[in-house]
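Colleague: The structure that follows is given in the form of structure tokens.
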Amino acid sequence: MDKRQPLPSHTSEHTMLERSERMKTNRLSWLVRHSSLMNPPLRNLVRKMHRHGNKNRKVRVIVQFQKKLTSSSIQALQKQLGASELPVKRRIAFLNCIASDVSLTCLKRMCGCKGIQKIYLDGVKKVSLTVATPSIGSAAGRRLKGIDGRGINVGVIDTGVYPHPDLTRPRNRIVAFKDFVRGRRRPYDDNGHGTHLAGDIAGNGRSSRGKIRGPAPGAGIVAIKAFNSAGDAYDSTIIRAIEWSIRNRKRLGLRVLTLSFGGTATTRCSEDPLCQAVEKAVRAGIVVVTAAGNSGPKRGSIESPGNSPSAITVGSVDDRRSIRQSDDNITFYSSRGPAAGGVAKPDLVAPGESITSLRAPRSRQDRETPHLRVGRHYFLLSGTSVSAAIVAGAAAQLLQQRPTLTPRQVKSILKRHASPLPFSPNAVGSGEVNVRFLLRNAGRRPRLSSMRNRLKI
């Protein structure tokens, strides 16, 4: 007679759970096998989709080829996977990439294909939101020596630009507009964020009798719309905007590029295609200024693309409406360093709390937060996005005076002359941007660009 007793029910349940976990592990064995081919954000999302049973959901990815991107290389991959399984949403030639929406089954098969360098998650970035000019010394430079950014054009990859009088009168300084969202030819801003930034950089104060203006009121604005009315954009769209900026930099005289947006940075630059695009822009001779992000005060909260080693990454301080910089406080929301991979960030800080700049009438922000309007023409915003724009204006001033400087030299000079603040370098970097040093070299007349400031469409 068999005297063995049946196992207790809880033991049976435990065995079933173990078996279930083993099955899940087996289903994800391909992810472990090809882990080096996918960047960490994509790997984490795939695991999460398996865990929550979302296996049929499509994933937006950026596929990087080992060799130069061509139509034949794309078609060869589509032949292996099926053209309907790999629809090309965007081509990003300068990184040898395409963007596509794929199923997990297609992603799994793609990992076994030859010629693939890397597969990234095509993440979504958001515009960075939650008396600036006098406190950084820009007003003194303009008043005494005419250092106003004239002849320098600044690119703003954001939500667009409204043709505000402070940018278009007495002469139109919106020198170009490119729309990657709707393909429109004339400047517009259905969110309002990009217009505010343009004013933070180059507003001339025409509607306020000179009271509200940016550090570089003589600079031109190249407005590149990559973000929709909600303030969102895929990495692949932003990368295309950066690619366009590089390709047109000489035609437009584009010397500075402002990236006032961010998203979680969980990996080093080599695993981040947006960061790679920023590095290419700097190597092409463009000074790139990025927002540190509004994810502070936690250590290591620098956002992408603020983790780009070559960019000037800017945090935010509250200038308390005073000209003295010694009493400025770091804002609680300003992201802290170091950046992913241990990169020392931010590089600088600048005013970013309750900054008055240009209003875009009937834009989303204008409709949803009417209490932030300042009269008919202006609007209040806070965040490191504003701080980054102010530093971009300061860079334009420096380049006006010394037009042969490289991006690396501009970054070094601005950091060297920053005003020290009594906070950790992980919070303020080298200190608060301060362009008063330009006055010492202002005896030399700056060489101005011969490019006419007119709208190019």
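Heads up, the Cβ atoms here are built off N, Cα and C, so glycines get one too.
The structure displayed is predicted, hence computed values, not measured ones.
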Colleague: Please find, within the list 343-369, 397-423, the residue stretch that TrEMBL describes as region 'Disordered'.
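Modeller: Checking TrEMBL against the ranges 343-369, 397-423, the region 'Disordered' one is 343-369.
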Colleague: Could you find out if DSSP has Asp158 (active site, charge relay system) as helix, strand or coil?
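Modeller: DSSP assigns Asp158 (active site, charge relay system) to strand.
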Colleague: Please list, in sequence order, the residues in the chain of Asp158 (active site, charge relay system) that are at least six apart in sequence and whose C-beta is under 8 Å away from its C-beta.
Modeller: Val127, His193, Gly194, Leu197, Ala223, Ile224, Lys225, Ala226, Phe227, Thr258, Ser260, Phe261
Colleague: Between the active-site residues His193, Ser385, whose Cβ has more other Cβ atoms within 10 Å than any of the rest?
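Modeller: Highest number of other Cβ atoms within 10 Å: Ser385.
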Colleague: What are the DSSP helix, strand and coil residue counts for the region 'Disordered' (188-210)?
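Modeller: Each residue of the region 'Disordered' (188-210) counted once, the result is 13 helix, 1 strand, 9 coil.
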